[in-house]
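What Swiss-Prot records for this protein:
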{"type": "BINDING", "residues": "Asp314, Asp318", "note": "Mg(2+) 1 binding site"}
{"type": "BINDING", "residues": "Asp314, Asp318", "note": "Mg(2+) 2 binding site"}
{"type": "BINDING", "residues": "Asp450, Glu458", "note": "Mg(2+) 3 binding site"}
{"type": "MOTIF", "residues": "314-318", "note": "motif 'DDXXD motif'"}
Amino acid sequence: MSANCVSAAPTSPKNSDVEEIRKSATYHSSVWGNHFLSYTSDVTEITAAEKEQLEKLKEKVKNLLAQTPDESTGKMELIDAIQRLGVGYHFTTEIQESLRQIHEGQIRNDDDDVRVVALRFRLLRQGGYRAPCDVFEKFMDDGGNFKESLKKDVEGMLSLYEASYYGIDGEEIMDKALEFSSSHLESMLHNISTKTNKSLLRRLQEALDTPISKAAIRLGATKFISTYREDESHNEDILNFAKLDFNILQKMHQEEANYLTRWWEDLDLASKLDFARDRMVESYFWSLGVYFQPQYRTSRIYLTKIISIVAVIDDIYDVYGSFDDLRSFTDVIQSWKISNADELPPYMRICFEALLGIYEDMGDRIGAPYAIDTMKELVDTYMQEAEWCYTEYVPTVDEYMKVALVTGGYLMVATTFLTGINNITKKDFDWIRNRPRLLQVAEVLTRLMDDIAGHGTEKKTTAVSCYMKEYECSEMEASRELSKQVKKAWKDLNDEWMEPRSSSAEIIGCIVNMSRVLHIMYSTGDDGFSDSSTRTTQAVKTLLVDHPMN
């Protein structure tokens, strides 16, 4: 929303200058156009030979997992490789049982090796176990700092660095681990020869850019496959299994992108509503980041369609609609009746009809009513932000966040995705509808990431502008303080992930994974959804366009 506001209390809407500002936003056209129409059935067909080979390799990897003792460092390294290669979903039961054994045993024979201790800690916390952080105390000196001698161990530093991102609020030792390891790795980065240590240089850059805890699994796998291939101790069966699985899934995802492109072209919203963002492919990338596995196809389809339409609705409220039209649009969506749409301008009616069509496709799924309710709530808060804009009102940070956490769309997105999963129950939807702590934390995290990245690039009210106004500070000071809240939110997500969990791992994973994909879009300081011509485009290209792994 427009940030050209003053700190007066809300009054009646004004016309004139504010409306002109609201109509000034411009967005680049779709980077992809109809590119994915080229992925026809003959291109995306998965052959019988591929399926047979995948099953053979899967059995070999499964046997390897069974034969490697849980009491060994090799078992932890095996689990880590399988998960980072993106194929852990094939062995969920086996990995969970191994981690249970490791947790119960809390093996101590390698306690003097920081690499192994950090790896064990990370794997257990990734698996939901509250592994104690005091295992790192033996690596501290009398002054309470990590021993300088650890800096000689590059692999140990990398392992400690990755583990440090699984800390929770109040774990001072994990904060020290992050500061110690990251500063040393950054120093190493500037001193490594690009000629003699290309592999290590790339690993350091990738780790510092996106630690494992914040990485979307599928994107992380594309990078780790190359790293694993270069490891002299790699297992050829695991490597071949990961590459084949990636290629098969890529075909599935290309077919989905083809279907969605045809759906989007049939709607023709991009030409009918040319003031709005055309971001269908970026919306699919978002849904792919939540869950990429084959069984979540329906959820990805629902979510991609909804995000694509919501981007247009958001632009109607932010950019194009007059105040009176926005009020009418809000009322019609609250009624959820197509018969009431006759009073709307044509461009709003087109959008409303498209929105209704998606929810009609959900039929009698348990989550459909919940998904509709969250959409109504989202639009209602869009209207609240529009009123702020038209009355030139700058809310306090608390006022802003109460509304902005909803306009961020996190609950709507999560509910929509879960609607496509058959085994999600009414109890599950009631739980998430009540906004549990996990969801609140994720909403704060992504809202602030978006606002910090977007402040100054668009004429919008953000948490940064509200903080600057309320606390009379500079943009840098406001961003610094809000960034502290982002760091705490990541820790709180870790806390919610670990046992005892408030819901199933599948639902919690959905919410956490959404934060990871949004981290990709916003972590460079840019809005990677609205301006998708940079990092997001490369991510889409990596997952959906680049040639298969070989």
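The backbone N, Cα and C atoms fix where each Cβ goes, glycine too.
Given the structure is predicted, the values throughout are model-derived calculations rather than measurements.
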Sequence-distant neighbours of Asp314 (Mg(2+) 1 binding site) in its chain (C-beta under 8 A, six or more apart): Arg277, Tyr382
Separation of alpha carbons, Asp318 (Mg(2+) 1 binding site) and Asp450 (Mg(2+) 3 binding site) (Å): 16
DSSP helix/strand/coil residue counts for the motif 'DDXXD motif' (314-318): 5 helix, 0 strand, 0 coil
